[in-house]
Amino acid sequence: MMRRKNGNKRYFTRMGTRKKVHAFVRVKPTDDFAHEMIKYGDDNKSIDIHLKKDLQRGVVNNKQTDWSFKLDGVLHNASQDLVYETVAKDVVAQALNGYNGTIMCYGQTGAGKTYTMTGATENYKHRGILPRALQQVFRMIAERPTHAITVRVSYLEIYNESLFDLLSTLPYVGPSVTPMTIVENPQGVFVKGLSVHLTSQEEDAFSLLFEGETNRIIASHTMNKNSSRSHCIFTIYVEAHSRTLSDEKYITSKINLVDLAGSERLGKSGSEGRVLKEATYINKSLSFLEQAIIALGDQKRDHIPFRQCKLTHALKDSLGGNCNMVLLTNIYGEAAQLEETLSSLRFASRMKLVTTEPAINEKYDAERMVKNLEKELVLLKQELAIHDSLANRTLVNYDPMDEIQIAEINSQVRRYLEGTLDEIDIINLRQIQEVFNQFRVVLSQQEQEVEATLRRKYTLIDKNDFAAISAVQKLFSKKGRCRQPCEWQGFGGLYLQDPADPVLQGGGCQRAASAGPGDLQH
């Protein structure tokens, strides 16, 4: 179990078992499917790609023409229902048990990522993963009356390496607005300045989703007339408190639903102007994402380059973190797009090498812990009072001692040390602790009294100051018959007795036992 603290809350993460990232492939339906080049395995968990040799390159051609990719599932001509049941349902269900989850759609422009994630708004049957996830969350909440569960959502857009809040109620008015930043703390990665909205019912969540979709940046593209030009992360935050248990523990989780902008080859897309600039940023961030995936798959790598771009930094918790992660790669099944399809499948196979460690996120509220401890203290006092009553110990008091009681114990300790009291009355543990404390107090007072007495009778100099000792010895030898003043060491110094002291005048150097504990030396 890993513990983290923040303010008045403590965070605990139950460490889970490591597991591989699940990678699925969804093939976009087409009438021009390349049956000779793309083959599915019998178990629908592999794809084989075959390219015909280019005879124009000559008879001897060592260029690779065959590839095989192992996956967790291939979704061909699959409905939106089947896609959600296969890819997302378990991840969402585990989120209500305290596990973080991430579902990411990756692929070429126009391959169906946004359709898979959000679906077609004009047809309820064709709704995507995101609205279905919201629906599942609220249905599961209704099935758990024993828990008080709150849901919050946020919608982040990363466009040209800039962060935008798709649910912000404040319009952007220029550079005076404080830009959002990605920061890290012991609880993970979060976006400072990103608004998080409380949703008490399913309709509220859908309203926020539709508002965010309206604010997304799209552009016409040769591959897709409504091409998404940004990466978007819709996050569902869940917090669950038990209604039946009065403890201070509760669980939290979040589900990141990531719709990545499409990768594209600039030569094929024919992009220019603003669209070309957007494509450059998109390809650059996806390249950094792939570098991070390759590094995560290499067990020998210590450093993972998450901070190369906003996308990888924002997804640091999801990539190799403590969450259930699923990658859904969208590809074309046409021969004309086979090169981009190969690139997407390579990304999926690399993602399968990444391991995560799903863990339950538990939080402990310090304020509630204090209240529960106070209640427990009252109950224990009542139970102890009943126990004392049954044992005929009615005079026992377990409350903190007042000044009069402490003074009485101090008096008993002094009399015990002086020998006028044979034993000290002990009734409970609190009194034992106070007796030891008063022993310490009395000892300290006696040491101070002894040192004060010595200071009145003797001159204290530093025993390591040899020049001062020599000078005093010469001075004393001139004033009295004693050639060397008497010494007594204690309390960190050297005490020298004046020869004019009555003890010395009465008959020379003597043991000044009455001056305090210790010996006087020549």
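Note: Cβ is positioned from N, Cα and C throughout, glycine not excepted.
Automated prediction, rather than curation, is the source of TrEMBL annotations.
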Among ranges 83-110, 279-306, 363-390, whichever one TrEMBL labels coiled coil: 363-390
Predicted model, mean pLDDT over the domain 'Kinesin motor' (20-354): 86
Cβ-based isolation winner (fewest other Cβ atoms within 10 Å) among the binding-site residues GLY107, GLY110: GLY110
Nonlocal neighbours by CB distance (under 8 Å) for LYS113 (ATP binding site), same chain, sequence gap 6 or more: CYS105, TYR106, GLY107, SER228, ASP259, LEU260, GLY262, ASN330
Collapsed DSSP category at LYS113 (ATP binding site): helix
Conformational class of GLY107 (ATP binding site) under the three-state DSSP mapping: strand
